[in-house]
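Everything below concerns the one structure shown next.
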Amino acid sequence: MAGVFSYESSEVDWCEDNYKHSENVVEYFNTMSSFIFFVISPIMLYLLHPYAKERNLAVHLVWIMMVFVGIFSMYFHMTLSFMGQMLDELSILWVLAIGYSLWFPRKHFPSFVKDRTSFARLVLTITIISTLSSFVKPTANAYALNCFAIHILYSLFVELKSCTDERVLRLAWASIGLWVLAISCWISDRFGCSFWQKLDFCYLHGIWHILIVMATAYASTLIAYLDASQEIPYSLPDLQYWPRNNWAIGLPYIVLKGTNTTRKTC
């Protein structure tokens, strides 16, 4: 049992040179780059609070769980232990599961599910089973992650097909762009390590951490906005960016502008 907590007990080893900057930290840059989770998560919790207060305070669980993703990511890259790997991957699964249960469109629920509470219980049950199964067969977590992610992407594509709001479409394209950049860094670090070692630039996985947090901020706000437009249209949800709404780069969030019943085309 102690072996799963041992340094470098994981089969995964990223491109960054081990113990290059510290004798106690296996992957220093990958560990330090995980700090971005602790910067962005509290800001998003604050920015999305008006929406969460009106819609469901459970929305905060997404970004609270992202803090745990950051903690476990730091632990994993600091030790490259098998337990660190499992905690890192499972925390990501729980972020997806929480978002899935909160924001999956009601109109796409299976016929045997009558309300969101029942849907959330179903998702919770599947996630718990996947979590427990992962400690027996680690690939179970990968299957669950892919199932949630693919279904979320498909549902989002269906929702955006009928959307004509330019600000929403801009946010969608920004989310896709950040996600593509993040995945490209992950794949390149994982499978193109020899090339980056020749250039003495083995930090793409750390850059992935930064990009995926930003992609999550953009994508979760997009999904939350579509949800607000359907579930609480009377609140007149609108998109803005922090710290300045007219800046080219910022963190997107939802503002609620009114109480009259109305709805945009999204």
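Note: Cβ is positioned from N, Cα and C throughout, glycine not excepted.
Same-chain residues lying 6+ beyond the ends of the topological domain 'Lumenal' (1-27) with a Cβ under 8 Å from its Cβ atoms: 76-86, 189-190, 193, 196-197, 202-206. Here Swiss-Prot flags 1-27 (among others) as topological domain 'Lumenal', drawing on sequence analysis.
Among the features that Swiss-Prot reports, Ca(2+) binding site is placed at Asp13, Trp14, Glu16, Asn18, Glu27. The Cβ of Asp13 (Ca(2+) binding site) lies under 8 Å from the Cβ of Leu80, each of these being in the same chain and 6 or more residues away along the sequence. DSSP classifies Asp13 (Ca(2+) binding site) as coil under the three-state reduction.
The transmembrane segment annotation in Swiss-Prot covers 28-48 (among others). Cβ atoms under 8 Å from those of the transmembrane segment (28-48) belong to residues 14, 16, 20-22, 59-60, 63-64, 66-67, 69-71, 73-74, 77-78, 203, 205-207, 209-210, 213-214, 217, 220-221, 224, 242, 251, 253-254 of the same chain, restricted to positions at least 6 beyond its ends.
Residues or ranges marked as topological domain 'Cytoplasmic' by Swiss-Prot on the basis of sequence analysis: 49-56 (among others). Taking Cβ pairs closer than 8 Å, the topological domain 'Cytoplasmic' (49-56) reaches residues 102, 224, 227-228, 231-232, 235, 237, 253-256 in its own chain, all 6 or more past its ends.
Residues 10, 14, 25-27, 30-31, 34-38, 40-42, 44-45, 48-49, 51, 84-85, 87-88, 90-92, 94-95, 98-99, 102, 209, 213, 216, 220, 224 of the same chain lie 6+ residues outside the transmembrane segment (57-77) yet bring a C-beta within less than 8 angstroms of a C-beta in it. The transmembrane segment annotation in Swiss-Prot covers 57-77 (among others).
Listed in sequence order, Trp14, Val25, Val26, Glu27, Asn30, Thr31, Ser34, Gly84 are the same-chain residues at least 6 apart in sequence whose CB falls under 8 Å from the CB of His77 (Zn(2+) binding site). In the three-state DSSP scheme, His77 (Zn(2+) binding site) falls into the helix class. Feature annotation from Swiss-Prot assigns Zn(2+) binding site to His77, His205, His209.
Cβ atoms under 8 Å from those of the topological domain 'Lumenal' (78-83) belong to residues 3-13, 18, 24-27, 31 of the same chain, restricted to positions at least 6 beyond its ends. The topological domain 'Lumenal' annotation in Swiss-Prot covers 78-83 (among others).
Panel annotation: around the transmembrane segment (84-104), residues 4, 10, 12, 56, 58-59, 61-62, 65-66, 68-69, 72-73, 75-78, 116, 119-120, 123-124, 126-127, 130-131, 134-135, 138, 141-142, 144-145, 148-149, 151-152, 155, 216, 220, 223-224, 226-227 of the same chain, lying at least six beyond its termini, place a Cβ under 8 Å from a Cβ of the stretch. Annotation comment: Swiss-Prot describes 84-104 (among others) as transmembrane segment.
Per Swiss-Prot, topological domain 'Cytoplasmic' is recorded for 105-116 (among others). Here the topological domain 'Cytoplasmic' (105-116) has Cβ contacts under 8 Å with residues 122, 155, 158-159, 226-227, 230-231 of the same chain, all six or more residues outside its ends.
The annotation transmembrane segment is assigned in Swiss-Prot to 117-136 (among others) on the grounds of sequence analysis.
Residues or ranges marked as transmembrane segment in Swiss-Prot (evidence: sequence analysis): 140-160 (among others).
If you look up Swiss-Prot, you'll see 161-167 (among others) marked as topological domain 'Cytoplasmic'. In the topological domain 'Cytoplasmic' (161-167), the DSSP tally of helix, strand and coil residues is 3 helix, 0 strand, 4 coil.
Summarising the annotation, Swiss-Prot assigns transmembrane segment to 168-188 (among others) and lists sequence analysis as the type of evidence.
Marked as topological domain 'Lumenal' by Swiss-Prot on the basis of sequence analysis: 189-205 (among others). With a cut-off of 8 Å between Cβ atoms, the residues of this chain six or more beyond the topological domain 'Lumenal' (189-205) that come close are 14-17, 27, 29-30, 33.
Remote same-chain residues near the transmembrane segment (206-226) are listed as 16, 29-30, 32-34, 36-37, 40, 44, 48, 51, 55, 59, 62-63, 66, 73, 95, 99, 103, 105, 152, 156, 159-160, 163, 168, 171-172, 174-175, 178-179, 181-182, 185-186, 189, 237, 239, 251-254, 266 (criterion: CB distance under 8 Å, separation of at least six residues from the stretch ends). If you look up Swiss-Prot, you'll see 206-226 (among others) marked as transmembrane segment.
Per Swiss-Prot, the feature topological domain 'Cytoplasmic' maps to 227-266 (among others). Remote same-chain partners of the topological domain 'Cytoplasmic' (227-266), defined as residues 6 or more beyond its termini with a Cβ less than 8 Å from a stretch Cβ, comprise 40, 43-44, 47-48, 50-51, 54-55, 102-103, 105-106, 159-160, 162-165, 167-168, 171, 217-218, 221.
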(message) Within a 10 Å radius of its Cβ, which of these binding-site residues (His205, His209) has the fewest neighbouring Cβ atoms?
(response) His205
(request) For Asn18 (Ca(2+) binding site) and His209 (Zn(2+) binding site), determine the Cα separation and express it in whole Å. (result) 18
(message) Counting other Cβ atoms within 10 Å of each residue's Cβ, which of the binding-site residues Trp14, Glu27 comes out lowest?
(response) Trp14
(message) Quick check: which same-chain residues outside His77, His205, His209 lie with their CB within 8 A of the centre of the Zn(2+) site CB atoms?
(response) Trp14, Glu16, Glu27, Phe29, Asn30, Thr31, Ser33, Ser34, Ser73, Gly206, Trp208
